[in-house]
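Here Swiss-Prot flags 8-28, 37-57, 75-95, 110-130, 147-167, 169-189 as transmembrane segment, drawing on sequence analysis.
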């Protein structure tokens, strides 16, 4: 395993937010509606983790350090873990585990459908984020994992629909997402010398395994 301490550091850092929020809920420090706070916090954390995951490839190309790619899959799985926690909090505190209420919620809040589609996309990526799936799917694996761009769009739309009264924070995340997408365009990449240059043999070895 390459960069074990770096992997461990990323793992511990990703644990901090959920552990802290759950602890805050345990000691009743999240205000009068802790369930709503947890749903919102885990939802936002999912979007942030998705953006962090998408930034690994540009960072590797910019710096030439393969460590960014090494933790990309780990970060992607953390993104999925966050969205599972987001949906779990929603089922517990908003629905009260009453699936009959879900139909009412879907009619009143159609942005939930958008969020559910994003979840299904993340589920597909999480299930196939292993070497067996890479070998099994071949060239189709990369095409499947381009779903991350669609998922980002769905996540931003989901957030926009919820916070449209105050779009300042949304605009920040949307701007970061747009910037990361621009860095994927070959014409843009070639205009930035470091991004267009060779990333080194070490990074090539971990490109598909990170």
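Each Cβ is built from the backbone N, Cα and C atoms, and glycine gets one as well.
Against the transmembrane segment (75-95), stretch 37-57 shows more Cβ pairs under 8 Å than any other of 8-28, 37-57, 110-130, 147-167, 169-189.
Outside the transmembrane segment (169-189) by six or more residues, the chain places 47-48, 51, 54-55, 57-58, 61, 149, 152, 156, 159-160, 163, 195-196 with a CB less than 8 A from a CB of the stretch. If one looks beyond the transmembrane segment (37-57) by at least 6 residues along the same chain, the residues whose Cβ comes under 8 Å of a Cβ in the stretch are 14, 17-18, 21-22, 25, 30-31, 68-69, 71-72, 75-76, 78-79, 82-83, 85-86, 89-90, 93-94, 115, 148, 151-152, 155-156, 158-159, 173, 176-177, 180, 184, 210.
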